[in-house]
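Participant: Take this structure, written in structure tokens, and hold onto it; I'll ask about it next.
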Amino acid sequence: MTAFIDPKSVPQRKLYTGEYIPGIGMGTFGSDRFTPDQVSAAVAGAIEVGYRLFDCAAVYGNEDLIGEVFQAAFDKGTVKREELFITTKVWNDMHGKGDVLLSCAKSLRDLHLDCIDLFFVHWPFPNYHAPGCDGDSRNPNSKPFSVDEFMNTWRQCEKLVDMGLVRYIGMSNMTIPKLEAVLPLCRIKPVAIEMELHPCFQQPELFDYCIAHEIQPIGFCPIGSPTRPDRDKTPDDVADIQVPELVEIAKAHNVHPAVICLKWAVQRGQIPIPFSIHENEYVSNLKCTTEDPLTDEEMAVLKSIDKNNRLIKGQVFLWEGANDWEDLWDLDGTITK
Ligand SMILES: NC(=O)c1ccc[n+]([C@@H]2O[C@H](COP(=O)([O-])OP(=O)(O)OC[C@H]3O[C@@H](n4cnc5c(N)ncnc54)[C@H](OP(=O)(O)O)[C@@H]3O)[C@@H](O)[C@H]2O)c1
């Protein structure tokens, strides 16, 4: 029999609106390694075992199949629509006037939904690269971040809320300088920021900034994305699940190190969105949030292993005149132009 983890036993997070949402979800980015069919089959299995939050995106190229899975689950009565919290994201080539609505309409159609729970701006600039392109490829039309351009995109997202097509809006791949520039201009505040978060990349300043502004951090690559495409790997990257202190804690709890990454994430307060097509993995990823918590001492050890190791560097979004990928992340505290 398939395992079932009661969604009521899974930790919840309170949004600034007062609504509670699941404290862990499932990612759906199959990338080069997993086919859309494998990803949608995993989503079907994940609903059955008790996942209630799914992180989708137009650019993942699988929303149509995932939508069929949602529809089948609603038809079968496995889950009611209002029991799921579904996010999606507008891709960089759909930031222009009128395009955000088109992107949202396509995601709604593909996902078989009347309303999206949380709609993200995937990256804060319209710099487009074709899925699967080489890490060295550059788009000559790429531009540095512009507050005006971003706000034009955000205004369209706000309109989606007004129209009842999405319930909440959020931002992804932001930095503190960019948030400082745009938050005061928002009519509707982002309810969440999606950002890379794993034990070797804890982003404490950005995480604390979000908490201080009552914006929920959602952590991507929570296990250190071991299956990300080779083009996103560099020789300096550290594998979270091989860090000795983390492996030691995993041994003490008799679990895979991946599970320790997720316990840490949930106990710290972000919402991790691990991905896996393997039932044993996605079951243990959800179950681990309901039992055998890490001790304060273990949380302190994990806090100390941060290596500031960003995995998704975003180099394919660089514009002409930019130095290197660090320019995307405003490391000197100002927006890099
Ligand atoms: N907003 C953004 O820009 C952005 C960027 C990147 C990702 N995301 C989102 O974040 C999600 C997660 O990121 P990710 O998929 O890159 O990385 P991840 O969740 O850190 O890593 C996924 C990989 O970890 C392994 N894994 C998962 N559970 C495991 C377990 N219990 N034991 C052992 N191994 C386990 C699986 O590899 P094996 O198959 O080899 O077991 C799986 O493919 C994505 O799917 C996507 O929804 C968003």
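Cβ atoms here come from the backbone N, Cα and C positions, even for glycine.
What TrEMBL says about a protein is an automatic prediction, not a curated fact.
Heads up, here are the entries from TrEMBL:
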ACT_SITE  Y60  active site, proton donor
BINDING   H122  substrate binding site
DOMAIN    23-306  domain 'NADP-dependent oxidoreductase'
SITE      K89  site 'Lowers pKa of active site Tyr'
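How about a rundown of where these features are and what they're close to?
Facilitator: Around Y60 (active site, proton donor), a 10 Å sphere centred on its CB holds 20 further CB atoms from the protein chains shown.
The Cβ of H122 (substrate binding site) lies under 8 Å from the Cβ of A57, A58, V59, K89, V90, W91, N92, S172, N173, each of these being in the same chain and 6 or more residues away along the sequence. In the three-state DSSP reading, H122 (substrate binding site) counts as coil.
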Participant: Along the domain 'NADP-dependent oxidoreductase' (23-306), what average pLDDT does this model show?
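Facilitator: Value for the domain 'NADP-dependent oxidoreductase' (23-306), mean pLDDT as a whole number: 96.
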